[in-house]
Amino acid sequence: QEGSLCAQHCLNNLLQGEYFSPVELSSIARQLDEEERMRMAEGGVTSEDYRTFLQQPSGNMDDSGFFSIQVISNALKVWGLELILFNSPEYQRLRIDPINEKSFICNYKEHWFTVRKLGKQWFNLNSLLTGPELISDTYLALFLAQLQQEGYSIFVVKGDLPDCEADQLLQMIRVQQMHRPKLIGEELAQLKEQRIQKTDLQRVLEANDGSGMLDEDEEDLQRALALSRQDIDMEDEEADLRRAIQLSMQGSSRNVCQEIPQTSGTHLTSEELRKRREAYFEKQQQQQQQDPPAQLSHPCEKPTTSSGALGSDPAGDAISEEDMLQAAVTMSLEIVRNNFKTEGKK
């Protein structure tokens, strides 16, 4: 709808063509005003009623584009059409089913719209909608009753409407409507909101030039990686010591003293490890008694004498075993730290 020219749109939707313009309807309204003035002048141009009539604005049109029912009725007389009030006693006595009519004109306050049958189907041609609204035959009577309840005046259009392409086409086919049209105000509000959202998005993208958000994501990723590396580098010494002792108890002594036989994958208790070490030192003592004393090749193997052999001097045995365990723990710590450094570089 353009402006408040609902009466013009109502007539053109009824006739399915651009038959009336605001200028033509204004001409009809001025003609009606002149006829009313002449009737009032019959009572005397000096009468109080006549002077009051002249001071009042036109009742057939106004500056907003509104036109009265008299203007619409006179415009339809050009096409041989007549308007009858739908809820008038004269029409109600006829008991005509609304489905058997051809069209209706509805008015509430200053708004006019047409309901018309095209082909074999009814349509609400309200100019405030984004498109025609399909009305089923079973819903037509309920639709008109609802309009009356809301305060609308309904007029039945009597006479033969001019031929139109839409009526000819819909005589052959029936249409289906999946979605009802919205009011123009609702549609415009949605479009305006979409434009605002789009403008805001474009403004953000232009401000960041498409790279700001990417830089922010990259910074977050770098920050997460740095925190991850920091967690590894700041591993506390107590955890290192626990790992070293565990590795030592589970066979890491094989890496320290390779001469000690051990089954791969076997988890030894401290008692089993002590017994194996005692057997190892006993074997070393026997070799020293047969051969001259020699320096052990492995750095963790400390030279021993007969007094330091296991079983001959308990105190010496305890000191030797403690030294061996300390050496294993120290080397295991070095292995763990080297592994962490290697993994960190990867």
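Yeah, the Cβs are placed from backbone N, Cα and C, and that goes for glycine too.
A TrEMBL annotation is a machine prediction, not a hand-curated record.
It should be emphasised that the depicted structure is a prediction, and the values quoted were computed from it without experimental measurement.
Record features (TrEMBL):
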type: DOMAIN; residues: 1-172; note: domain 'Josephin'
type: ACT_SITE; residues: CYS6; note: active site
type: ACT_SITE; residues: CYS6; note: active site, nucleophile
type: ACT_SITE; residues: HIS111; note: active site
type: ACT_SITE; residues: HIS111; note: active site, proton acceptor
type: ACT_SITE; residues: ASN126; note: active site
type: REGION; residues: 281-323; note: region 'Disordered'
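Per-residue pLDDT, averaged across the domain 'Josephin' (1-172), gives 91. For the pair CYS6 (active site) and HIS111 (active site), the Cα-Cα distance reads 6 Å. The Cβ neighbour count for CYS6 (active site), using a 10 Å radius over every protein chain in view, is 23. Residue environment of HIS111 (active site) contains 17 other Cβ atoms, counted within 10 Å of its Cβ in all protein chains.
Residue density at ASN126 (active site): 23 other Cβ atoms are found within 10 A of its Cβ, drawing on all protein chains shown.
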